[in-house]
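Some notes on the structure that comes next.
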Amino acid sequence: MDGPAVLQELVVVLGVAVVVVLALSHLRLPTIAGLIAAGALIGPSGLGWVRDADLITVLAEIGVVLLLFSIGLEFSLARLRRLWRVLLLGGGLQVGLTTLGVLAGALALGIPPARGIFFGFLVALSSTAIVLRALAERHEVDAPHGRLIIGALIFQDLCVVPMMLAIPLLAGQRGGPGALLAVLVKAGLLVLATGLLGRTVVPRFLKDVAATRRREVFILAVLGLCVGIAWMSSLAGLSLALGAFLAGIALAEGDYGHQALADVLPLRETLSSFFFISVGMLLDVRVLMRRPVLVASLVVGVLVLKAVVGAVSAMVMRFPPWVAVLAGLGLAQIGEFSFVLAHEGARAGLLSADEQRLFVTMSVLTMWVTPVVVHFGPRLAAGAAHLKRLEALIGAHGPHHLEGTHSDGLSDHFIIGGLGTAGRLVTRALRESQVPHVCIDLDPEVVAEARRKGESLYYGDITSAEILEKAGLHRARALVLLLDDPLGAARAVSAARRLHADVPILVRVQRLGDIPELRERGASEVLAGELETALEAVARVLRSAELPEDTVARLLETLRRDHPHGPPPRPAPLPPPPRLPPQSRDGEERAGPHH
């Protein structure tokens, strides 16, 4: 295809995508759903405005690589180690139970076991690109269900190669455990090599590049590392996406991860959009028109099966039902790597041409539904808040998790929900000021690590009324919610208000759009990261202009008050801090919880 023709198709793709996304945004539907719909509209089985999809496919693959690379930049090896339980247990249960469920259905329909297992492989994988983009748009990557989903997705990516190696065995062709073992060894060596590079070579290399003070050189170096490690991953028989994720983790270990993320984000958002458009172009409208009932039945069946399996896997790990529901909904679609497995299975005779077209069409529809389901998922998960018997049955965040807090003897204390960056700073300030407090988090690894360091941190779901009662909410000075999950924060505010109508509640969120609901639910004060960061920037600019401090304070108060999401006319302020408790002879606090 010559240059003008390529530009013409790019103009068509970008123009239609913008129009469709804008139209669906008025219906409050997510951007990803609009991009997939745009691809279906202009694809070969739609209006046919784009016939040569090779260019779009190449751009889409680059976009997926950058998406996984940027997600890796937001991780670290230490954070990945904290996910090991979720990754192995949660991911293993999700893949295993889904495969068994599909196999059982296939056997009931008289399908041979080998084909049933292969169909289970196809259905077990979820879409890393779509789910991570949806979580990132909603700032839920660090939420409890976000961590569950990411752990399961990483496990699924690791399963792709073993599944591909199992295809010849299922088809009765040559193959054996030796090939599988070889690839697993290569994968282990790649992970080890990436970790060593991230701690030794990469920081020194980027330090030399940064010393040139040329941003374009730094961007090229970062992209080169991303593509290089992804290429090494493909040589080892793994996916490019997994290699890009490892490359991001390698860079995140050094001092230049944040700048690398800032430079990659614009490219990621643009090129990953082509992936979602390319997924829509795979939709075969003719299959949908010829067999609508079968396609609809398969779509609903897959979504229900995977949502239930994902939720059950989470509850086996003793996560509360509302977290399990959100995790199950996030993993309910079929993933892009399933297309690769379907292609290999068709070549091996496990899938006919008609079955492959039907599978691709059904898979694309599950992908299209996913961002919509994730968007409305909190409303569905709200019903899980009433499943008290189920919570007791699985032992999710029961009050026994707070045994040993000595909260019965606490009064006039602070209850801190969440031990992220903000939570650590607040608890440290309270501890060093000898102010009594109890901190609660839902991540067992974070809790175990903090308790080893002697911190007053306990495992539990801060949205649970039982946990709040056990933490002594009715005697507390204030409840401070520093969660990375806006849904969890809203649920915690509602639970606290039902128990105690007057307790001051301070909530920290990231998005300005979350403020109205939290105020409506009864939060005394809501701080939005977007607004507070902007006001801090204003303050520093004004101080650098050598304005008097009272002028700076007055201007900041005016800006905060005049902002659409500023404080209400009569905010309910937090009470003043209590007097310092007396110290024992060795200088330790008496009023705070001890171990």
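Just so you know, the numbers here start at 1 and follow the chain as drawn.
Each Cβ is built from the backbone N, Cα and C atoms, and glycine gets one as well.
All annotation found in TrEMBL is predicted automatically rather than curated by experts.
Per TrEMBL, the feature transmembrane segment maps to 6-25 (among others).
Among the features that TrEMBL reports, transmembrane segment is placed at 32-50 (among others).
Taken from TrEMBL, the feature transmembrane segment covers 56-75 (among others).
Annotation source TrEMBL lists transmembrane segment at 87-111 (among others).
Per TrEMBL, the feature transmembrane segment maps to 117-136 (among others).
Residues 71, 83, 86-88, 90-92, 94-95, 114-115, 117-118, 121, 124-126, 128, 131-132, 135, 141, 179-180, 183-184, 187, 237-239, 241-242, 245, 310, 313-314, 317, 319, 323, 327, 330-331, 335, 337, 340-341, 344-345, 348-350 of the same chain sit 6 or more residues outside the transmembrane segment (148-171) yet have a Cβ under 8 Å from a Cβ within it. Feature annotation from TrEMBL assigns transmembrane segment to 148-171 (among others).
For 177-197 (among others), the entry in TrEMBL reads transmembrane segment.
TrEMBL lists 218-251 (among others) with the feature transmembrane segment.
If you look up TrEMBL, you'll see 271-288 (among others) marked as transmembrane segment. Within the chain carrying the transmembrane segment (271-288), a Cβ under 8 angstroms from the stretch's Cβ atoms is held by residues 13, 17, 32, 35-46, 50, 53, 56-57, 59-64, 66-67, 129-130, 133, 295, 336, 339, 357-358, 360-361, 364-365, 367-368, all 6 or more beyond its ends.
The transmembrane segment feature in TrEMBL is assigned to 295-316 (among others). Tertiary neighbourhood of the transmembrane segment (295-316): same-chain residues 89-90, 93-94, 97-98, 101-102, 123, 126, 145, 148, 152, 287-288, 323-325, 327-334, 358, 361-362, 365-366, 369, 373, 390, 394, 396, selected by CB-CB distance under 8 Å and a gap of 6+ residues from either end.
Under 8 Å from some Cβ of the transmembrane segment (322-346) lie the Cβ atoms of residues 64, 94, 118, 121-123, 125-131, 134-135, 143-145, 148-149, 152-153, 156-157, 160, 163-164, 167, 171, 239, 275, 279, 282, 302-304, 306-315, 352-353, 356, 359-360, 362-363, 366-367, 369-370, 373-374, 377-378, 380-382, 384-385, 442, 461, 463, 487, 491, all in the same chain and six or more residues away from its ends. If you look up TrEMBL, you'll see 322-346 (among others) marked as transmembrane segment.
If you look up TrEMBL, you'll see 358-377 (among others) marked as transmembrane segment. Here the transmembrane segment (358-377) has long-range neighbours at 28-33, 36-37, 40, 122, 127, 130-131, 133-135, 138, 279-280, 282-284, 287-288, 291, 294-295, 298-299, 302-303, 325-326, 329-330, 332-334, 338-339, 342, 351, meaning same-chain residues at least 6 beyond its ends whose C-beta is under 8 angstroms from one of its own.
Look at TrEMBL and you will find 411-528 tagged as domain 'RCK N-terminal'.
As annotated by TrEMBL, region 'Disordered' applies to 558-595.
The compositional bias 'Pro residues' feature in TrEMBL is assigned to 566-581.
TrEMBL lists 585-595 with the feature compositional bias 'Basic and acidic residues'.
If you average pLDDT over the domain 'RCK N-terminal' (411-528) in this model, you get 83. Two recorded stretches are said to be in contact when at least 3 C-beta pairs lie under 8 angstroms, sequence spacing 6 or more; the transmembrane segment (218-251) and the transmembrane segment (87-111) fall short of this definition. If you count C-beta pairs under 8 angstroms between the transmembrane segment (56-75) and each of 6-25, 32-50, 87-111, 117-136, the highest count goes to 117-136. Sequence-distant contacts of the transmembrane segment (117-136), counting only residues of its own chain at least 6 positions beyond either end whose CB sits under 8 Å from a CB of the stretch, comprise 30, 32, 63-64, 67-68, 71, 94-95, 98-103, 106, 111, 143, 146, 149-150, 152-153, 156-157, 159-160, 163, 166-167, 170, 241, 272, 275-276, 279, 302, 305-306, 330-338, 341-342, 345, 350-351, 359, 367, 370-371, 374-375.
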